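Enquirer: Handing you this structure, nothing more for now.
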Amino acid sequence: MYKTTGCLSEIVTMSNNKLKDIDDTHVAEQHQLLRKGLSKRINQLPNEENGQTTSPDIPYSRNAAVSYINAGEEDQMELYGYRRSRFRTIFTWLFILKTLGILRMVFHWFPEWFLNCTHTRCSLEVAEKVLIVEIYQKKYRRVHIRSINCMSALQIINAATEKTIKGKKKSAEHRNSHVLQDLNKIDDSPILSLPNGDGTFHESTSVRMFTCKKLRYFWNRETKEFLKVKSLGPGMPTSSLHQSDAQQGLAGLSILEQQRRRAIFGSNFINVPVKSVLELLVLEVLNPFYIFQVVSVIIWIMIEYYYFSAALVVMSAAGITISIIQTRKNQKKLRNTVHGSDIIDVCRGGGVYETIRTEELVPGDMIILPANGCTMHCDAVLLFGTCIVNESMLTGESVPVIKTPLPFQTDVLYHPKEHSRHTLFSGTKVVQTRFYNEEKVMAVVTSTGFMTAKGSLVSAIMYPPPVDFRFERDSYRFIGFLASLASIGFTYSIIKKIIAGEAGVKVVFHSFDIITICVPPALPAAMTAGIILAQKRLEQRNIYCISPRSINVSGSLNCICFDKTGTLTEDGLDLWGVVPVVDGRRYIPPLRTPLKLSQALSTLRPHDRSPSAVICNVKLEPPLLLMGMATCHSLTIIDGNLSGDPLDLKMFESTGWELVEPSNEDTNKYDNICPTVVSWTPPNGNKVDPGILDTMDGGLDSPKVEVGIVRQFPFSSTLQRMSIICKRIGQEQLHFFCKGSPEMVQSLCKPETVPANHNEILEEYTRQGFRVIALAHRLVEIRSLHKVQKVQREDIENELTFLGLVVLENRLKPDTKAIINQLSDAAVRTVMVTGDNILTAISVARDCGMVGSQDQVVIVNYEEPTGAVSTEGKPHLTYSLAETPSIQTTPTSGTSSSAVNNSGDISLDITNPDLIGRYHLAITGKCWSIIQEHYPELVPRCVVKGTIFARMSPDQKQQLVQALQQLNYVVGMCGDGANDCGALKAAHAGIALSDSEASVASPFTSREASISCVPELIRQGRCALVTSFGIFKYMAAYSLTQFISVMILYEIGTNLTDFQFLYIDLFLICSLSALFGRTQPHPGPLFNRPPLTSLLSLPPVGSLLIQVFLVGFFQAVSMILLTKQDWFVPYMDLHNKTGLETGDFECHENYAIFCMSLCQYIVLALAYAKGKPFREVFLKNYWFVGALAASTACSICILIDPPYFIEKWLQLKMPPIEFRLIILGLSAAQVIMCLLTEEIVIDRGLVKLMDSSFWLKLRPRKEKYLAIEKEIKMSDWPPVQKSVDLSSIVTSTVAQK
């Protein structure tokens, strides 16, 4: 514990930092001024990483004739109004009754049809219901139908009150009495507080409202549109969130105002509904798949297929039960994960405080944070006091974050990302709070429920975007083809029976049976089994999946985007050394040990043995660089341990200083200043003559140096820096230190204090992959500590003196290089997207193998238009080689060689020998924005050739992923923090390397923080995709085989018996298809191309057609050979009626077709159970091999000499042994032909044909990125010429700041 009399007393005297009362009228005037003059800034907030302000690109097209909600935002949706029509409603329900409810079931599948049949389109102003249409990527359409609730203020307030106080009888009377007292004071009817778009409120006596995706929308009478109920704060001046006299309890919402707002905003509760078993059962049974099964069972019962009907009912019941149990389990798990409730104190105004449940909070409530911390159940802005917050549940990083009060500024608009250091987010845990004397730590609630950051994540899980996957689309088309084929067979069978004079209900139902044969009801179950097995295999490898449909998609990935820090490199940083600046203009050689910094600098002083010089050396002053490293941080002590950002921690530990803070039990607390003191004892390496010390008056005081941190300006990723104001204990002078990116700090320093070779030194370290931090200093002229607490950082972060560089080492993870090389060998493109420095990113890309040793990196930069080189006010793109630095400004008109073509596109001279071979583009976030805004035609080229994207904000990461997808890449994203959340959601397969709540937006989460999960996911995905292809082709071939068998037997008046169907469907098909997916992925290196993703491509279609042809051929041959036998008598010659009428199917024709088909079902499973290159050989799937062996043995037994009871059970009419052997021989020939066809014709023929130049000319590939690559090869882009010094890149970066 440091000296209370020395340090603590001095810091206490400087803590008089209460906000002055602000006149409400003045605030309102400022607010109105900002609404008019600063409206554009709402859409021009700085990007989080690069600190530049750009107008957002809104890629959402709009139709002027259509109404929208959330117009221009990511969740923009079309809106149409409807009102009920009595005539249409009556007419529709008459038809529903006539169809015995079948039409209503169809309306359940297509709710938009039901809306159009019972309502008429109208304006939104008079609408009773709204049709909400979501369009995803211009491909997918999802509709929501919601009723509009119209309620008066009194009705909605009473409803909200009753809901709030339900189950709280003790406080009900008290609360109702308060509400009634407030209501009795109002002469007119009660009013509601409706939010405006700028954070203010207006009054209304009624409201029209609907809810969609857990968010509320209300009707704005002035603008004639539905507006989303938004959070309080975004777009408002930060001064508007402050409330005067809050510490005296004179601010806050009254109970009545809270009820009014809760009526609009809803309860502060993230409600994940758990449907009842009955509701889930009804929804499951009404699924078209189960409806089809019900119809199938009815048809089979009518034709007396009782046993298989019973088996299908049992299997369906088991499937429904498992589905309901799993759905309820997932819903309960999600609800328990996000559910939270607590009590909290709120200020009611007039000095009244009340303890309420967190569910009752509304935006605008003034809450008091307890001293011992709490879990946040809302988003709130900190106004008084300081908090230490653990945001690991949100960001995945277990580093405590210090939250400071929101600055009172009338010209700065609040934004949660921009002011994240002042915002407490829902789901995070407040570990400690600090305050001054008896003052309270207070915050104002800005968001509740699903409007919070946590709520938006939960909403993303509950309403995921559709998975764009070609295999699924083709599977639906193929099922449609099977249904069309079944309808043809059904029509042919009915017409033939009518012509033959056959009649009867049973004959008609036998014809209907053709549909159930051709479209197998067990197909979805078989497909699901393979996915479930793949999911279990992933879990065994610590990769957890919340979206099983994404597993197949991951098998098609051909581009992976990686975050850098914590993903490719280790989380922590090791301090490599410091590079001080001396004499104000030059660097000295780097010092690997900062502890020796003071001694190293002292040796540079002129040798002086005078007593005063000796005393100076004894009382060694700490170097400013060392003091800056020891004070400019956000470290704190939690549970006796020093905690904070790993970078700050490494830097502070290297200084050898000590940090001391008061404990929670201390009575002296502080508001707005950090109660932190750091101390330093100079090394006693210099020995002084005691006689000299005796000559000094009073001897020599203790050389210990103590520095108190007066104020802290937290790190901002937008500003790329943090700053502090500190004070030497015992001195009056205040010091200001700034720490951040070298480019940013340099831009704040006096030019004469920056060494002349600064850019070269910086380039040297960043190119080697080091992370470099710069420090600067200035003296603070302000002497009033009260004014220090009010000063804005922009007013003091200038005219700094450059102190030097701190060099940190961020090592690659041990397996990063091997994994990147493995992906490269598999022709999977890898891209780095990071918020770090571009030169550091290039170095890491080279170290990990993302950029080959012989590859070249072209840095894309820009220059602002100036003077004569200005072209339409656009910035000029520049291109430079990273290794042999050069900058070639985009040529203007009149230049030769690399010139602008007629369309104004940038062209390049690719004939430059420096560019021979592969090259990669490296682009910064700011340059990415410039290209999007001014050169959109270059975006596809930059995306195709770009490998390194640095200084990218979270939004820009998401934009990059979407740009890759638009070029038909199948994109995966691998990241470890909340900054990657948007990109993880946007990617086809997002892989989160953390357990934070941000990872719930990602389909996959790896419990091991290693990118080794990426090739493993691709391997498992490829195996699952090939398995899905195989199962689908097998089930389709099985259906067509049975369809051919039935059609042949129908032609002669007979059919397969009930137990024959049962044997085929239950014993053969179910067992083989269920075990088909147990084959493991191929353990070797990833193959250099992904498997096919289209069922309608040449190999799958060709395979299916050829195999079905062979099936029909061998069944036809068996019938022809049967008719040639002397003992054969046709079925109709022995019966007066067909077996479809009598139910007697026993005949030789039945035997021939049934026994011939048994071999076909088995060999088709074997043919489609392919191994390499994506799966292990089927022989290692022991369960499947056992099922094949058992099926083969039983089928041969049935074919040759079945036991008597089996013969009677299957109703077989056994032919002579000679014909049985003929069928066995045909079966053997079928096996040989089937396997040879698949191996030679398909794998070595059609698959290779698709890669041939002939086929590619006939059917060019449709991927857009291939066309872009071809276009780049044929052009002279980018225009790179001879190199110049790369330091100009750094200078350009500073100019951008």
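Positions of Cβ are set from backbone N, Cα and C atoms, glycine also.
So TrEMBL says this about it:
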type     : residues  : note
DOMAIN   : 240-305   : domain 'Cation-transporting P-type ATPase N-terminal'
TRANSMEM : 90-110    : transmembrane segment
TRANSMEM : 280-301   : transmembrane segment
TRANSMEM : 307-325   : transmembrane segment
TRANSMEM : 441-463   : transmembrane segment
TRANSMEM : 475-495   : transmembrane segment
TRANSMEM : 507-533   : transmembrane segment
TRANSMEM : 1031-1050 : transmembrane segment
TRANSMEM : 1062-1081 : transmembrane segment
TRANSMEM : 1101-1122 : transmembrane segment
TRANSMEM : 1151-1169 : transmembrane segment
TRANSMEM : 1181-1200 : transmembrane segment
TRANSMEM : 1221-1242 : transmembrane segment
Enquirer: Contact between the transmembrane segment (507-533) and the transmembrane segment (280-301) is defined here as three or more C-beta pairs under 8 Å separated by at least 6 residues; is that satisfied?
Expert: yes
Enquirer: Going through 307-325, 1031-1050, 1062-1081, 1221-1242 one by one, which has the most CB pairs that fall under 8 Å from the transmembrane segment (475-495)?
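Expert: The stretch with the most contacts is 1031-1050.
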Enquirer: By Cβ distance under 8 Å, which residues at least 6 away from the ends of the transmembrane segment (507-533) in the same chain are close to it?
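Expert: Result: 289, 292-293, 295-296, 299-300, 302-303, 305, 312, 315, 319, 475, 479, 482-483, 485-487, 489-490, 493-494, 497, 548-549, 551-552, 1024, 1027-1028, 1031-1032, 1035, 1038-1040, 1042-1043, 1046-1047, 1050, 1055, 1065, 1069-1070, 1073-1074, 1076-1078, 1140-1141.
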Enquirer: Under 8 Å, at least three CB pairs between the transmembrane segment (1062-1081) and the transmembrane segment (1221-1242) (pairs 6 or more apart)?
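Expert: Contact between the transmembrane segment (1062-1081) and the transmembrane segment (1221-1242): absent.
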Enquirer: Per DSSP, how many helix, strand and coil residues does the domain 'Cation-transporting P-type ATPase N-terminal' (240-305) have?
Expert: 37 helix, 1 strand, 28 coil
Enquirer: Report, as numbers and ranges, which residues of the same chain sit near the transmembrane segment (1151-1169): CB under 8 Å and 6 or more residues beyond its ends.
Expert: 1030-1031, 1033-1034, 1037-1038, 1041-1042, 1045, 1048-1049, 1056, 1060, 1064, 1068-1069, 1072-1073, 1076, 1079, 1107, 1111, 1114-1115, 1118-1119, 1122, 1178, 1181, 1184, 1188, 1191-1192, 1195, 1198-1199, 1210, 1212-1215, 1219-1220, 1223, 1226-1227, 1230-1231, 1234-1235, 1237-1238
Enquirer: Applying the under-8 angstroms CB criterion, which one of 307-325, 1101-1122, 1181-1200, 1221-1242 scores highest with the transmembrane segment (1031-1050)?
Expert: 1101-1122
Enquirer: Given a Cβ distance threshold of under 8 angstroms, which distant residues of the chain, six or more beyond its ends, lie next to the transmembrane segment (307-325)?
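Expert: Beyond its ends, the transmembrane segment (307-325) has Cβ neighbours at 277, 280-281, 284-285, 290, 293, 296-297, 300-301, 521-522, 525, 1058-1059, 1061-1062, 1065-1066, 1070.
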Enquirer: Under an 8 Å Cβ to Cβ limit, what residues of the same chain, 6 or more beyond the ends of the transmembrane segment (1101-1122), are close to it?
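Expert: The answer is 1033, 1036-1037, 1040-1041, 1044-1045, 1048, 1095, 1128, 1148-1149, 1152-1153, 1156-1157, 1160, 1164, 1167, 1215, 1219, 1222-1223, 1226, 1229-1230, 1233-1234, 1237-1238, 1241-1242, 1246.
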Enquirer: Just to confirm my parser: what is the rounded mean pLDDT across the domain 'Cation-transporting P-type ATPase N-terminal' (240-305)?
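Expert: When the pLDDT values over the domain 'Cation-transporting P-type ATPase N-terminal' (240-305) are averaged, the result is 83.
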